[in-house]
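Listed in TrEMBL:
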ACT_SITE  B:C86  active site, nucleophile
ACT_SITE  B:H194  active site
ACT_SITE  B:E196  active site
Amino acid sequence: MTSAPMPHFHATVRVGLRASVLDPAGDAVCAAALRLGHSAIQSIRIGKAIEVQLEAPDAATARRQLESLSAQLLANPVMETWSLELHHQEN
Amino acid sequence: MQVGVVVFPGANCDRDVGWALAGCLGWRVTFLWHQDATLPKLDALILPGGFSYGDYLRCGAIASSAPLLRAVADFAAMGGPVLGICNGFQVLTEAGLLPGGLIRNRGLHFICRDQRLQVASCCSPWLCRFAPGDSLTLPIAHGEGCYHIDPPGLRQLEDNHQIALCYLDNPNGSIGHIAGVSNKAGNVLGLMPHPERACDQATGGTDGQVLFQGLVDRLGLS
């Protein structure tokens, strides 16, 4: 008898600088956007999206693991915030 | 004086630190691989500059989880003197051994030049040959040296005399002009400037020697 395969999950962790933290790269991109005529642009902030594949017995466990990973490694809470999107994947 | 210099993949100042301490100051230098889990008997520990793990994710983030960092944290907790230089400073903040963090320079440029600095507090044993208000010149070379901490954290640094060095003309946008901070006890110090590059008159100055000699004074070693 074989055990059921562990469910697979895909997550996107979005990490960005806190609103109070200077983002000179975002400012530089914003200046370029304005130079190109995108005059409606008011500000640009640059972050990163980190794609994670994982196995977990259920979505709640997957979320807990990802929250721990995000707070511990993927984002530095001193200067960054993060958010998480979790999707179940068919095996 | 027996000092350990941590070697991470991507570090490029470990040999400079070794050369300065052994060649200019006569210290005995042991290079420590990041995957080691224990430390030999040491008087002090230095995390050098460079680009540990290619600066992937954030500067110093991946190095902060290296096996050797647990031993570094234990050494620091027992009062051992630890100095993080540039990327080493970033690693110490990422590891939670120093407060705050380092982000992209305000002007986006990588800045490589001699930098005038002022000693804000000399509570750290590394700075005991200085007095508050003393000025010195050390080279800087970084793209992500803008020190950040939230306002309550900054007040705490001020109240505890943890701001060690300040820039005289703030080249990178650091909050409070901060170039270096210590932990509350003072034994762990992080600096963006490179004291190891200012240990020989032939390479442009010897102000960095004063910092290292101060530790020898404080420890009563030679």
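Yeah, the Cβs are placed from backbone N, Cα and C, and that goes for glycine too.
Distance between Cα atoms for B:C86 (active site, nucleophile) and B:E196 (active site): 11 Å, as a whole number. Under a cutoff of 8 A between CB atoms, and with a sequence separation of 6+ in the same chain, the neighbours of B:E196 (active site) are B:C13, B:D16, B:V17, B:W19, B:A20, B:L21, B:P48, B:I85, B:G208. When the active-site residues B:C86, B:H194 are scored by other C-beta atoms within 10 Å, B:C86 scores highest.
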